[in-house]
Amino acid sequence: MAFDDKMKPVNGQPDQKSCGKKPKGLHLLSSTWWCPAAVTLAILCLVLSVTLIVQQTQLLQVSDLLKQYQANLTQQDHILEGQMSAQKKAENASQESKRELKEQIDTLTWKLNEKSKEQEKLLQQNQNLQEALQRAVNASEESKWELKEQIDILNWKLNGISKEQKELLQQNQNLQEALQKAEKYSEESQRELKEQIDTLSWKLNEKSKEQEELLQQNQNLQEALQRAANSSGPCPQDWIWHKENCYLFHGPFNWEKSRENCLSLDAQLLQISTTDDLNFVLQATSHSTSPFWMGLHRKNPNHPWLWENGSPLSFQFFRTRGVSLQMYSSGTCAYIQGGVVFAENCILTAFSICQKKANLLLTQ
């Protein structure tokens, strides 16, 4: 603009001095090439302006693209974060599922071990029955044959259970190996593992029922064996002979009624005088979880424990447990249950064990 203003007096106004002599300092403007130079300069300025505008527009577009790209990156980050969170939850759920499966397998393994122990006890009792069968006196050949046949059947059933338990142990081992490979398995394979565990649990329950039936048969065999051995022995029928005494397991009554029942049979409630007596009673009651009255009682906690014959209790064999310090109007009486002697109110109902001397002359 300043350059054009300087040009106005030269182009538009008459210069009085131009007639006589050339003006000083403006000899360049009066040359013939300044006009093309100005046009060229104006074009360059215009081109630069257009270039700047185009570049600014491109910069804005690039900025918008960068913002859109940044938004896409943020959205992808959120998606990736959600996917990672979902994957982590799935892994946690898988770990929890595997932990539950392992706990179930540990529980089943423990149950199998318990059943194996019970089976060993049954086998030992069966062996004792076989030995007692050989020592049975004055038993008829037919009775012995029937008992032996029943024992053979019991052995066969026990062997069958043993084989099935081995199969269950093998299945359990296979489940444990499958659990170690659970990370490679899909949800379908885990469902199959759970179904196998459910099937194994059902089989265990069935075997438990069968063992309970075998226990009952074993008890019946013991009672039948004792009856066969005592049919003409030193004890009356249905009584169990051991050393110098005969024993009878009687129905459930309170302590006083049980004592009267034993007296009516010319006997008394159980009295333990030796360690051998205690071991015999513990073995005879091991098959049952029911309580059995003994001939031991006292009127109140300040009185000593006395047997029916008036002799005091010797604590070298056992000690009583339970509420022995509590006072009852009917007194406190002792019963044996699960190999432990307890003290309780005499008015309660329990089974009883009658005891009397054996007629050893019949064995000579």
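Positions of Cβ are set from backbone N, Cα and C atoms, glycine also.
The Cβ of ASN72 (N-linked glycosylation site) lies under 8 Å from the Cβ of no residue that is in the same chain and 6 or more residues away along the sequence. Following the DSSP three-state reduction, the secondary structure of ASN72 (N-linked glycosylation site) is helix. Annotation comment: Swiss-Prot describes ASN72 (among others) as N-linked glycosylation site.
DSSP assigns ASN92 (N-linked glycosylation site) to a helix. The feature N-linked glycosylation site is assigned by Swiss-Prot to ASN92 (among others), with sequence analysis given as support.
Summarising the annotation, Swiss-Prot assigns N-linked glycosylation site to ASN138 (among others).
Annotated S-palmitoyl cysteine per Swiss-Prot: CYS35 (among others), in sequence order. Other Cβ atoms within 10 Å of the Cβ of CYS35 (S-palmitoyl cysteine) number 11 in total over all chains.
Sequence-distant contacts (6 or more apart, same chain, Cβ under 8 Å) of CYS45 (S-palmitoyl cysteine) do not exist in this structure. For the recorded site, CYS45 (S-palmitoyl cysteine), the DSSP three-state label reads helix. As annotated by Swiss-Prot, S-palmitoyl cysteine applies to CYS45 (among others).
Taken from Swiss-Prot, the feature region 'Disordered' covers 1-21.
Mean pLDDT for the region 'Neck' (55-242) in this predicted model: 78. Per Swiss-Prot, the feature region 'Neck' maps to 55-242.
Look at Swiss-Prot and you will find 96-141 tagged as repeat '1'.
Among the features that Swiss-Prot reports, repeat '2' is placed at 142-187.
What Swiss-Prot records for 1-31 is topological domain 'Cytoplasmic'.
Positions annotated as topological domain 'Extracellular' by Swiss-Prot: 55-364.
Feature annotation from Swiss-Prot assigns transmembrane segment to 32-54.
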Integer Cα-Cα distance in angstrom, CYS35 (S-palmitoyl cysteine) to ASN92 (N-linked glycosylation site): 84
Other CB atoms within 10 A, centred on ASN92 (N-linked glycosylation site): 10
